[in-house]
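Notes follow once the structure below has been shown.
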Amino acid sequence: MELNHSNLVVNQSTSSYSPPLFPSFLFSLVINSCVSTLLGIMGMTANVINMAVFIKQGLNSSINISFFTIAMSDMLRIVCIQWANICFNPYIDNAGAPIYFTDLYGITGALTSGFGCRVTLWVIVYITAERCLCILFPLTIKNIITPTRSKIIIVMINAMNSLTVIPEYSTMYLTWKYNKDRNMTFLGVAFNSNRAQTQGLSALMHVILVVIGLCCVIVLTSILVIHLRRQTKWRMKNSAESKQRSSVSSRDRKSEVLVVTVATSMVISYIPLTCTSLVTVFMPEFYMGGKYYSIFRDTWAMIYLFGIVNSTSTIIIYYTMNLKYKNTFKELFCSKIN
């Protein structure tokens, strides 16, 4: 969204007041204010439970560290989406606050939401890569992937994704701007004089990381699925011998199935996000303040909805597919209720 940074007077922008068209108004009211908000509350509750369960189990295994990080990044993303639901509420202007809420969300929530999205994606890349290494080095994997190394990798993933928002934050800031149409001063976003050099750089890096990450997850998940199928066929042919190693192989198999399910759920929910991000890169008008802003806004509302559903569904996946998670969940919550 391009603002006049020389005199800070707004004539036309997405932040200036204009009555919304009825279809867009209704869409925003139903999707953002009702459905997304309700699912967001459920998602925050689910991820708080996930974090509590993994802390109870102990963050002393690679898989627990990774799943705990996913719960944290999903929580961050859902909080940002809830903030977006407030800022894009069609009735928010009736509050009379001297704030351009779309501007405020752009600087306080949009980039943070993208950060959480990428962290979740790359942690799942790490998890699927780890399971593939288990296939290649089944006897030495515990020496290769240790809890300490997992924590270092998680920190590196967070650092890598944090760097992508620096170009955007280095050129934008909150300031008071005068709106001639409404004869009022509003708190909104303005840009530094070097905006032209960095504009779109964060969006481009976001797209690159999302596309590469998604492709990695698809490839690695496909390898795991192929391995699971081969393992099933081998068991059917050697059922007698397989019983002798059932305890170890069954545990590994269940871990693989859990990882494949989580990864598949994420891939499905991230495909619309990836496609929309690519459109934004190749069509600059498909952005905040652009010619197709209304379509851009409503498209991202649906993408946010997909993201919340995916973030909320993890608790169901863990509970139904992981016996250890189920037992810890019951120990934490069901025993207290009883």
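Even glycines carry a Cβ here, placed using N, Cα and C.
Just so you know, TrEMBL annotations never went through curation; they're auto-generated.
Looking up the ranges 20-42, 89-111 in TrEMBL, the one annotated as transmembrane segment turns out to be 20-42. Same-chain residues lying 6 or more positions outside the transmembrane segment (257-282) and placing a CB less than 8 Å from one of its CB atoms are 70, 117, 120-121, 124, 127-128, 131, 200, 203-204, 206-207, 210-211, 214, 217-218, 220-221, 224-225, 228, 296, 299-300, 302-303, 306-307, 309-310, 313-314, 317-318, 321-322. Long-range Cβ contacts of the transmembrane segment (203-228) within its own chain (Cβ-Cβ under 8 Å, at least 6 residues beyond either end) map to 114, 117-118, 121-122, 124-125, 128-129, 131-132, 135, 160-161, 163-164, 167, 253, 256-257, 259-260, 263-264, 266-267, 270-271, 273-274, 277-278, 280-281. Using a Cβ-Cβ cut-off under 8 Å and counting only residues 6 or more beyond its ends in the same chain, the transmembrane segment (153-176) has close neighbours at 8, 65-66, 69, 103-104, 106-107, 111-112, 114-115, 118-119, 122-123, 126, 185-192, 194-195, 198-199, 201-202, 205-206, 209.
Distant neighbours of the transmembrane segment (302-321): 31, 35-36, 39-40, 42-43, 46-47, 49-50, 53, 67, 70-71, 74-75, 77-78, 81, 84, 113, 117, 120, 254, 257-258, 261-262, 265-266, 268-270, 272-273, 276, 329; these residues of the same chain sit at least 6 beyond its ends, with a Cβ under 8 Å from one of its Cβ atoms.
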